[in-house]
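Features reported for this protein in Swiss-Prot:
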REGION    1-63  region 'Domain I'
REGION    64-142  region 'Domain II'
REGION    143-152  region 'Flexible linker'
REGION    152-201  region 'Domain III'
Amino acid sequence: MIGCLIGEVFALEAPTVLLNVNGVGYEIDTPLSTFCQLQKGQHVTLWTHLVVREDAQQLYGFIDAQEKLIFRTLLKVNGVGPKMALGILSTLSIELFIHTIEHDDINTLIKVPGVGRKTAERLMIELRDRFKALSVQATTGSTVTSAQIQFSSNSPIAEAEAALQSLGYKPIEAQKAIAAVKADYTEAADLIRAALKSMMK
């Protein structure tokens, strides 16, 4: 099992990071909370989780070990796969997610793409005790930071829309959300953060 990878960020295309580890490039899918803290050329440690299927192997990476723990805990919930788990961690900060579970705040949880009421109720039931058993502690701060990141050659608006679509939002939803905030921000990371906040209201 690959527990973590230490290397240099070679390329970024939301939500995937190409990490150069001693000359070998690893494609790693990340939540936007991690993705938006990375810069091309940055030396970084990513805590990883490997999912092996019959047709593929996929690495998922996190800049914070606690986020990896939450991701693995989410995968144990019936009906929750890696894509939904990444969507939850991309949309909600760890602090807000834990608060949502502890206070049975279904209305917040169903705003995450792909999470319906039944899934939200199942998450509430299965995670409440697991969080207590794991002694998970909340962290402060927004899910998506305003760190300066180097995306590909696409415009910040296009990159922000693509990032939202990678979470499961429909193209029209992503376009409307970005259009509503693009007058106030020029960086892709800021656009993503502002759009997610507006959609969670």
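Heads up, the Cβ atoms here are built off N, Cα and C, so glycines get one too.
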DSSP-derived helix, strand and coil totals, residue by residue, for the region 'Domain III' (152-201): 34 helix, 0 strand, 16 coil
Helix, strand and coil totals (DSSP H, G, I; E, B; other) for the region 'Domain II' (64-142): 52 helix, 0 strand, 27 coil
Helix-strand-coil residue split for the region 'Domain I' (1-63), DSSP-based: 4 helix, 38 strand, 21 coil
For the region 'Domain III' (152-201), mean pLDDT (0 to 100): 81
